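Enquirer: Swiss-Prot lists these features:
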- 13: active site, proton acceptor (ACT_SITE)
- 13, 18, 133, 254: Ca(2+) binding site (BINDING)
């Protein structure tokens, strides 16, 4: 039976939940990966590039280009550097000698900056979905370089942001990590992209975490003994130990955004359209998504029935069991994604 493919370009900072999400995309029969782009985030952009290329090999794939992008945020400001406690120094378990062994060439991207690659690839593939699972710097730079880029993706799926001010950044911030990593980039993207945008926010995981912890074994898919299962077990090992020490599991996050990009109708159980912006000035709220709940905050004085900001779709509940089934299919090699 012929499967209708969903073309994807995935922009990532390449840490443990990213590589599990990337593996899901590489294994899913409905996903066609055009390229990966690496961005700074929980690790350096060089390390992100290396982790993505290593993950491609772990999935027994080749010939998928990886482009290296922004090494710093738009303003090059300091950010939370405590995430190595959760992901490891290299972001995926700190065992570079394990399969697949890190190669020196892993730290080298294709001969083009990621933002330029995004412009070129999506200009030629207007039916492709752009998925971002790291800070939005590469996408913002693409918009700064090419205004028409705002219309190139068929849609943009973002893992990041929040809508009830629930943050996950150390230091008392009310921002989500990816948006906190480059608030200016997040603001540029939400204001200027013209294609449909779907955001999978931090609260989607936070509010349902206890229910999901009780119904899903988030480590079971890592125990098949296959090369991919072993690699992802290694990549998530530090985070799983940290979570277990706090009485919880290392559940899915970036994986939900990639799954949503592959089949939004199947994964997104509930969603809400909201007028939003990103706070750029607050000492505790910088990077937080601000929601116009009354739909009056950014009303257009010259056209009262119009809005100066656009509505963005937020996934507020998702089918974790389908994502878990897909990851079992990926790591076991069963191919049973249906």
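Every residue gets a Cβ built from N, Cα and C, even glycine.
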Enquirer: Which residues in the same chain, at least 6 apart in sequence, have a Cβ under 8 Å from the Cβ of residue 133 (Ca(2+) binding site)?
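Expert: Residues satisfying the criterion: 10, 11, 12, 13, 17, 18, 21, 159, 160, 178, 254, 257, 258.
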Enquirer: Which of these recorded positions has the least crowded Cβ, counting other Cβ atoms within 10 Å: 13, 18, 254?
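Expert: Ranked by other Cβ atoms within 10 Å, the recorded positions 13, 18, 254 bottom out at 254.
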Enquirer: Within the same chain, and leaving aside 13, 18, 133, 254, name every residue whose CB is within 8 angstroms of the centroid of the CB atoms belonging to the recorded Ca(2+) site, in sequence order.
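Expert: Checked against the 8 Å cutoff, the neighbours are 12, 14, 15, 17, 21, 22, 41, 134, 159.
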Enquirer: According to DSSP, folded down to helix, strand and coil, what is the residue listed as 'active site, proton acceptor'?
Expert: coil
